[in-house]
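This report refers to the structure that appears directly beneath it.
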Amino acid sequence: MTTTLSKLVSTYIQTHRLIQPHDRVLVGVSGGPDSTALLHLLHRLAPGWPISLGVAHFDHKLRGADSQDDAAWVAKLAEALKLPFFHGEGDVRRHAQQEKISVQMAARQLRLKFFHTIRQRHHYHKLALGHTADDQLELFFLRLLRGSGPEGLKGMWPQSPTGIIRPLLGTPKTRILAWLASCQLPFREDASNLSRHYRRNQLRLDLLPQLLSYNPRLPAAVEHLQALLQEQEEYLSQEAAINLDRLKTAAAACPSLPVDGLLALPPAIQRRVLRLALAQAGVDLNRLTFDHVEAARKLAQRPQPAGEISLPGGWRLVRQYSELQFTKESPVPTPWSEFILPEQGGGMLNALGRTFTWTSELPAENYDFSSAHPSIALMDQQRLDFPLRLRTFRPGDRFQPLGMTGVKKLQDFFVDAKVPRQERPFIPLLLSREQIIWVVGYRLAETVKITAETHQIFKVEARAIREHTP
Ligand SMILES: Nc1ncnc2c1ncn2[C@@H]1O[C@H](COP(=O)(O)OP(=O)(O)OP(=O)(O)O)[C@@H](O)[C@H]1O
């Protein structure tokens with residue numbers, strides 16, 4: 001068993017060219033079975049290649065004394081193997097709150113930042129992580145459940161362009177555990193791996209065993225599919241890079257993309273070109289959803305020559321006639337500017353001098369309406385067509401104010417509501433399709449009001465941006 005696993009891993013490393021002679025490899029060791037086995041395996045293989053190893057452990061401080069014990073345990077292991085040890089720690093919960101991300105995501109971000117710093121400071125060419133074939137399978141189903149596209153379903157690469165390597169990605173966890181047992185190598189147990197509080201654990205403990213009872217060869221089938229998806233991804237991402245380079249040289253300013261050139265590409269390449277361009281501009285791809293990319297494509301396709309959408313991290317994609325520009329600067333609305341509320345589920349957008357925040361699927365039953373305010377619109381979600389849009393007044397605009405049976409010219413509504421003439425051009429209007437559904441701060445439309453039949457409420461709040469600035 002012992003030799004077979006080292007042979008298997010060694011072959012995987014060679015096939016995927018994960019390590020070159022004289023590489024300096026930093027191993028991320030949590031103390032769990034996978035990374036502990038990885039460290040031992042690399043340590044046994046190291047003299048033959050030859051490579052030099054270092055051990056890095058990050059204390060997430062999420063499990064009290066257990067976290068500290070893990071760190072001390074890994075430090076001891078490194079000492080026993082006579083390897084340099086690097087310890088890092090961070091306030092994961094605070095980071096999660098600040099960035100409005102999950103605790104797991106925050107832990108991963110801080111950990112990777114720590115690894116990056118150590119690699120730079122101590123000149124490690126590679127970072128080896130202990131992801132296994134089981135992790136790859138779980139990730140596939142987690143992403144499938146989340147609605148990922150082929151780029152997500154393809155799973156983790158054995159090697160990333162930044163030098164992260166995963167030598168155990170082809171090895172099932174059962175083999176790793178059996179190998180550790182046969183060599184009598186101890187590791188740390190993480191009790192949270194058994195908690196059904198986490199989606200990943202529910203999947204591993206409940207869903208996957210059920211799926212395997214339908215088809216015991218499911219892991220092999222998924223592995224095969226992922227290999228195909230990775231090959232396709234390699235080809236398509238090369239195509240995207242070539243096309244982005246071509247489009248960028250054709251465009252006057254950078255970072256920007258010519259709309260015509262982008263729309264001439266097949267949709268599969270359009271999406272990748274947009275993602276790549278956004279990544280190059282500095283947008284965090286982990287936070288960029290399919291909806292963002294689709295909203296960007298719609299922005300390019302629409303007949304109106306101006307508009308914009310908001311992207312994660314305060315980024316904005318602005319359509320200016322024949323160009324799409326990526327910017328973080330504040331918007332300069334033109335009379336024809338339109339803003340799309342990109343994610344139906346909820347989000348935030350700075351537009352037309354206000355910060356709009358929206359939330360969907362609030363259950364109508366027992367909803368507490370006491371917080372009603374002119375800056376808040378509560379609507380019947382089923383009567384809305386997404387994505388909603390924002391713009392200002394255009395001649396000829398009409399709408400059916402709440403409580404009225406007929407449609408009224410917006411001009412007349414402004415007069416009746418005594419809206420000062422000079423303010424009218426700046427009042428944001430929320431639209432569903434071509435219908436005005438909210439004259440922001442003044443009146444909702446009759447067509448979207450909440451009735452006894454309403455199941456789910458869509459809530460939008462508009463606050464003047466100056467309220468936020470100190
Ligand atoms: N706290 C940590 N310190 C150092 N490396 C870590 C830490 N947490 C995770 N890693 C690295 O990232 C890999 C994947 O993390 P994940 O949390 O998915 O671990 P896992 O599958 O439970 O593996 P393990 O059995 O090694 O804990 C680990 O195998 C390890 O290489």
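Note that Cβ sites are derived from N, Cα and C of the backbone, with glycine treated the same way.
Note that the structure is predicted; figures quoted are calculated from it, not measured.
Neighbours of Gly32 (ATP binding site), defined as other CB atoms within 10 A of its CB across all chains, total 16. Per TrEMBL, the feature ATP binding site maps to Ser30, Gly31, Gly32, Pro33, Asp34, Ser35.
The domain 'Lysidine-tRNA(Ile) synthetase C-terminal' annotation in TrEMBL covers 388-460.
Compute the center of the Cβ atoms of Ser30, Gly31, Gly32, Pro33, Asp34, Ser35, which mark the site for ATP; besides them, the chain residues with Cβ within 8 Å of that center are Val29, Thr36, Ala37, Leu38, Gly130, Phe187, Arg188, Asp190. Each of the binding-site residues Ser30, Ser35 was scored by other CB atoms within 10 A of its CB, and the lowest score goes to Ser30. Non-local contacts of Pro33 (ATP binding site) by the CB criterion (under 8 A, 6+ apart in sequence, same chain) comprise Lys173, Ile176, Leu177, Leu180, Phe187. For the domain 'Lysidine-tRNA(Ile) synthetase C-terminal' (388-460), the model gives a mean pLDDT of 90. Helix, strand and coil residue tallies for the domain 'Lysidine-tRNA(Ile) synthetase C-terminal' (388-460), in that order: 16 helix, 25 strand, 32 coil [DSSP].
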